Amino acid sequence: MADSILPNEIRSVPSVLIRRDLRSVSVQGYARAYRMVIDDVSGKFSRISEHAWQQLHGDRVDPSLSTQAKVADWTCERLESPSNPSKPFNFLAIQIPLGSIDGIARRLAPVSGFLFSPVAILFWMSIIVASIAVLVSRSEAWVASLRLLPVYLRSANAFGIGITFLITKVLHELAHAVMCRRMGAESKSVGVYLFCGVPCPYCDVTDVWRIANPVRRAAVMLAGIYVELIIAASATWVWVLADDPAARMYAMNLILVCGISTVLFNANPLMRYDGYYVLLDAVGSTNLRREAREAFESTIIARIAGKQYQKIRRSDKIAIGLSSYHIASTIYRTTVLFAIAALIVHVANLLHLSVLGIGLVCIVAVRLMAAKTKASISVLQGKGSWMGVSKWRRFAIVSTPAVLLLLILFLPLPRYREVAGIIDAANSSSVFLPPSSQISKIKAEYGDHVAAGDRLALLTDETSRIEITRLEGELRLANMRGELARRDALDRPKVAEQWKTLQAAEESVGALLDKAKKRLAETQVHSPVSGVVIPPQATTPVDEPNQSVWLASFAGTVYDSRQPFCRIATNEERQAMFWLDAKDQRWVTRGTAIRVRIDYGQREWVDTKIESVSQMSEDRTSVTRDAVYRVICPLPTLPHEPLLDSIGRSCVGVVKLPSRSLAADFVNMLSEFVSGG
Ligand SMILES: [Zn+2]
């Protein structure tokens, strides 16, 4: 325990009776020798200096040391009270032991040399370093595929992703257990640790404290991270070498789960995972978090609270280091907590389980607030070290963070809505084709300048073709009848009259046939106005991959007359189109200022205003079929790019919404939730 802080006072009390079932091992730490006390009943491990341990077993003992022994449950009297009232059951961090994997670890340990022998470690570490170098050198491609990740996650099997996560974490825990065996200790139970309801496997390797060598202890604690990094490194090479996009996305998923999350959580000493215990061992501490908090109180709080504050003032390097650790870990844990809360609400929303998500987050918030309030009240009441500090000072110290918190909650913060859109021509007229027309020849191409009346395409007219066939048949019949009448007319004058009529009919059919043939040859599509030929609608290649890039590709096809064939842009003006959520209609409407970012190789920001707003329609791309509306805003002339190149180019619009405080955001979210919005 924290023996170094205790003043060496002479007053001592008769020794307490220390439990005989406690096992203890003498450990050589980095700095000094200490004793590791193993409590098999509670499964707890504690560290105490050799000197203090001997004192506990002597006749007289320091009273504070005796109290600490009682708190640690080392004395016989404490053992009789089964529950520890000072530590209520924490349902946000539930540990469920499932059994031991030591049997498997014992069998795997002799054959794990390819991973854990010194030569293997050297080999794999160089692979990991090479993979990191590859990832850094290809960061651009990496970021690009990271953008596609949400698309992949939406389309991928959630079950498969969950299984991947589980398998890698099980391998992580198995690595701890195997390394434990290789180093001569045994792992205890494995199980599931529920942190805010998020399951995560764990492996109890507290037996590691039996190992005298600090490097070997560190090896056990880092084995899990090491194996995950090997998986991430292998995935990196799959990502680099594979052709199949699905395999690449899966590899990316593995890199994120095994590489990034491991470094952010497991290796990070600010979280209470592997990295924390390595640091704890390295600085020879028993409870780094508590010692850091105490150091913070002795260095910073003691200076704010003044001379009457009953805690020893410290300004040594270790105390300053520990205080910095305390501040960093507090900020980090708060950030992670907020991120998890946001994630839970988001995921719950997607699963239509908002009640559960918001409920869980509220419970966490209330618990945290309750703990903070309790601590503040004890400061206000002048309890503990605050006993001598004046009332006003105590009040100021408690109220300052409270006021800051209220400011953060109620200060109106600027809000922005970012929407994706595309660029289109501002002024154009559509060219439609007659129903079921077959295109025989294309006379113009996208980007061509045409004058009003210019030919755009030639059509094969189906009705004229049928008419010609019919007229040709009729003409043949008329010819035949005419021939018969001519032969009869040689001796009968009455028939000669009839023959003349038949000849006239034959001539008129011939004329009709000529006309139909002419019409067939001359079915033309003309441009209604002068301007530039542009595609029928602005679509990005991502929207409709089958959309043709060239008009020429329509030659010989039957065109759907419901769609425009093409459009003629009458001038160079462009506009941006955005689709917004129906909920935004309150803020984003005609006349609202909008900033548009256009990506032309280099990015350009343009300030403009919303010019027109469409009716509500259903978003076909959305799974939940949200109501959307379209807004159009004019863009200034962009001289450095031809109009055709701009059409279908994606852009981003940013609209400033009225400022709102975090508290109002929360209330709004609740009211939306209550009204079922
Ligand atoms: Zn671990």
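Cβ atoms here come from the backbone N, Cα and C positions, even for glycine.
These figures come from a predicted structure and were not determined experimentally.
As given in TrEMBL:
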- 163-353: domain 'Peptidase M50' (DOMAIN)
- 114-136: transmembrane segment (TRANSMEM)
- 156-175: transmembrane segment (TRANSMEM)
- 219-241: transmembrane segment (TRANSMEM)
- 247-267: transmembrane segment (TRANSMEM)
- 318-344: transmembrane segment (TRANSMEM)
- 350-371: transmembrane segment (TRANSMEM)
- 392-413: transmembrane segment (TRANSMEM)
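Here the transmembrane segment (156-175) does not lie next to the transmembrane segment (350-371) in space: the count of CB pairs under 8 Å, restricted to residues six or more apart, is fewer than 3. Looking at which of 114-136, 219-241, 318-344, 392-413 has the most CB pairs under 8 Å to the transmembrane segment (247-267), the answer is the stretch 219-241.
Looking only at the domain 'Peptidase M50' (163-353), the predicted model's pLDDT averages out at 82.
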